[in-house]
Structure formats: C-alpha cells, structure tokens
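S.K.: Have a look at this one before I ask anything.
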Amino acid sequence: MAGILAWFWNERFWLPHNVTWADLKNTDEATFPQAEDLYLACPLAFCIFMIRLVFERFIARPCAMGLKIQANGPQKAQPNAILEKVFTAITKHPDEKRLEGLSKQLDWDVRTIQRWFRQRRNQEKPSTLARFCESMWRFTFYLYIFTYGVRFLKKTQWLWNTKECWYNYPYQPLTVDIHYYYILELSFYLSLLFSRFTDIRRKDFLIMFLHHVAAISLIVFSYVNNMARVGTLVMCLHDAADVLIEAAKMANYAKCQILCNLLFAMFAILFITSRLGVYPIWILNTTLFESWEIVGPYPSWWVFNLLLVLLQLLHSFWSYLIVKTACKAISKGKVGKWNPLHVSKDDRSDIESSSDEDDSPPPSQKHHSSTTNGTNKNGTNGYLTGVPYPDEH
C-alpha cells in the first residue's frame, strides 16, 4: 500500500519541476491545500443529502402545495398478471411481435396493450410534486453557492486579472474562503453523484454522470496541486446558469407559463454566452496559455486541461440541445405559447402521453382498431416525440 501511495502521489506528476510536497507543508506563516482536507467532503456530502430530505419535506413540499401542485402521480394501469409478468421479467417495451402474441392471448387489441405498458411505465415515474421539490432544492443551493462565490471573488485580484492565478504558483496560501468554497462544492457534487441513482431517472443519465465525475475530478485536481484560484473561477461561472434552469423548471411545474418561458430564455442566453464564450476565452485561455507562459506544463497540468476541454465538449453538446429545443418549439407556430420544457413529454421525465389516449379500461373483447400494427394516426405509436433539454449541475 505504501508503494501504491508513493506511486500515486509522485511529485513529478502532481507538481511543477523542482517543487516537492515538503515545500507545500503547512507552516506558521502560510497554509496550503492538503489532500487529506478533502476527506471532510464525504461525511459532509451525506449531511447535505440529509438536509435535502428535510428541505424537500418541510420547505419545498409546503411551497408546492401553496402553488396548487398536486402529489397525484399518473393513472395506474389495470392489474393484469400476464402483462405484469412480461413487464417485470421480460421487457418494459414489448416489440410488435410480442404485442401481437399478447393480443391473441388476452383477446385485447394491440392499442390497449400499448396503453397498459405506457401506464405501467408511468407508475414508476415521480409526480410533479416530487420534481418540483427536487428542483427547488437545487435552485436553493445553486443560488446560495453562486451568491457566495460572487461576494468572495469580487474581492480577489485574479477575478480581474487571470494571470494572478499563476504568479508565485504553487506557493499561493490557502484562505478560509477558498477552503470553504471548495469543500462545499465538492460535497454537493458528491451528493449529486450518489443521488443520480435515487433521483428522477433522466435519459441523459450517463452524460450527467460523466459531468459529475469530471466536475469532481476537476475540483480534486485543482485543490491538490493548488490551482484553487482558477478553480474558483470555473465553479462560479458554472453555477450562474444552473440557478436559472432550476427556476424555469419550478415555474413549469407550477404552470406559470410566461415566467417559465422568460426564465428559460434567460437561461439559454446565459448558458450559451458563458459556456461557449466566456469559458473558452477566459478560463481555457488562462489555463492553457497564460499558465504555460508563467509556470510551464507538467503531467498533472495536461490532465487538468484535458478535463477542462472535456467540460467544453459537454457545454457544446448541451448548447446544441438548447438551441434545438428552442427552434423546435418556435417552429410549432405558437411563439407566444410555446413551452421549452414541454417540447418533449418523455425526454426529460415528463409523463408519456398520446393525443388520442383516453385511458379507458381494457375491453373484454378484442376490437378492430383503426390503427395498423398499433401505430396511431400521427405515426408516433402512442408516444410524443421531441427534443430533450439539458439538466445542468
């Protein structure tokens, strides 16, 4: 184990040339980031998760009730042992051949069986109330941490001159504000990483999981090798747009259409300008070029910048989704009434629905449907199609 730790913490990887870990030990005159400081983030992440549960139960839920958001979930599918066995043991999305077989076995038409599976899938989805509570928690945290970051950074020199991030590097003392900012951000992202398996299941699960892993890796990397100054800039820049998207989702769940549209438009503008404009021009410029000029590259420098570039690729992907969502909605011809968060009913965990679905109980006799092979008149096979929008953290 000692050999593994010595290999992992190799000074030639983590630190610039001619710098050792002994040079960055805490003294009476200065305090520097220590890897063991980050151990605090694990129990704190659990505490944040528990605070979230309390917040959602005693603050977010009453607010949702006050906004007339109901806790009722989607309509439940009629109990059927045969279909339930197929759903739990075989597939939740039966193909055409299986649908026809079930149709003959139950003497139901294909459309009714499709509706049953759709309703049964919806039973596993949370209610609008649960979505609202989740968004309100994230909105509250992002608003707090962004406000803290702005108040802290406006007093620093490196906010106004990014070259200050690299002068006297890595012998830059760790302040209490930076330590608090880092530990809180890391704890929150750890709690988000774990809660991805318990929260509302998204279609971009893997992308968001990758995002959280990249964010945690960046926080750890920048703290351990004392790139904390530029790290605070990255964290504050990312928190800005997250506040607006969670607020837009809350307005959407509360059915405040005009407010939802306004907040989403503000989010889209801020996201695209900050992630595709400010981030590469301000952040990547200083980490790639200014640091090269002042400090010079070393192994962990390459890894750190690789993670930042990976984050830029995710920014580009999400910006594409935002623009595509807006264009899709506007092309509907109802610019004054479009809902950017409902362009796709299912792509962002909204309830699956069909324009001609009446959720009537299954008939006892098989009827001839006006559809062919279970496909409805608009060719969507009982599903609304659309474009997803990003869920940024």
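Placement of Cβ uses the backbone N, Cα and C atoms for every residue, glycine included.
In TrEMBL, annotation is done automatically, which means it is predicted and not curated.
When I checked TrEMBL for this same protein, it listed these features:
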- 38-55: transmembrane segment (TRANSMEM)
- 85-128: DNA-binding region (DNA_BIND)
- 130-331: domain 'TLC' (DOMAIN)
- 180-198: transmembrane segment (TRANSMEM)
- 205-224: transmembrane segment (TRANSMEM)
- 260-282: transmembrane segment (TRANSMEM)
- 302-323: transmembrane segment (TRANSMEM)
- 371-386: compositional bias 'Low complexity' (COMPBIAS)
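Could you place the listed features in the three-dimensional structure?
M.R.: According to DSSP, the secondary structure content of the DNA-binding region (85-128) in residues is 31 helix, 0 strand, 13 coil.
For the domain 'TLC' (130-331), the mean pLDDT of the prediction comes to 92.
Residues 37-38, 40-42, 44-49, 52, 141, 145, 148-149, 152, 205, 208-209, 212-213, 215-216, 219-220, 223, 228, 231-232, 235, 393 of the same chain lie 6+ residues outside the transmembrane segment (180-198) yet bring a C-beta within less than 8 angstroms of a C-beta in it.
Counting residues 6+ beyond its ends, the transmembrane segment (205-224) has Cβ neighbours under 8 Å at 14, 33, 35, 37-38, 182, 185-186, 189-190, 192-193, 196, 230-231, 234-235, 238, 300, 303-304, 307-308, 310-311, 314, 317, 391-393 in the same chain.
Counting only same-chain residues 6+ beyond the ends of the transmembrane segment (260-282), those with a CB under 8 A from a CB of the stretch are 162, 233, 237, 240-241, 244-245, 247-248, 251-252, 311-312, 315-316, 318-319, 322-323, 326, 338-341, 392.
Taking Cβ pairs closer than 8 Å, the transmembrane segment (302-323) reaches residues 207, 210-211, 214-215, 217-218, 221-222, 225, 227, 234, 268, 271-272, 275-276, 279-280, 283-284, 287-288, 387-390, 392 in its own chain, all 6 or more past its ends.
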S.K.: Could you tell me what the rest of the chain brings near the transmembrane segment (38-55), counting residues at least six beyond its ends with Cβ under 8 Å?
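M.R.: The answer is 136-137, 140, 183-184, 186-188, 190-191, 194-195, 220, 223-224.
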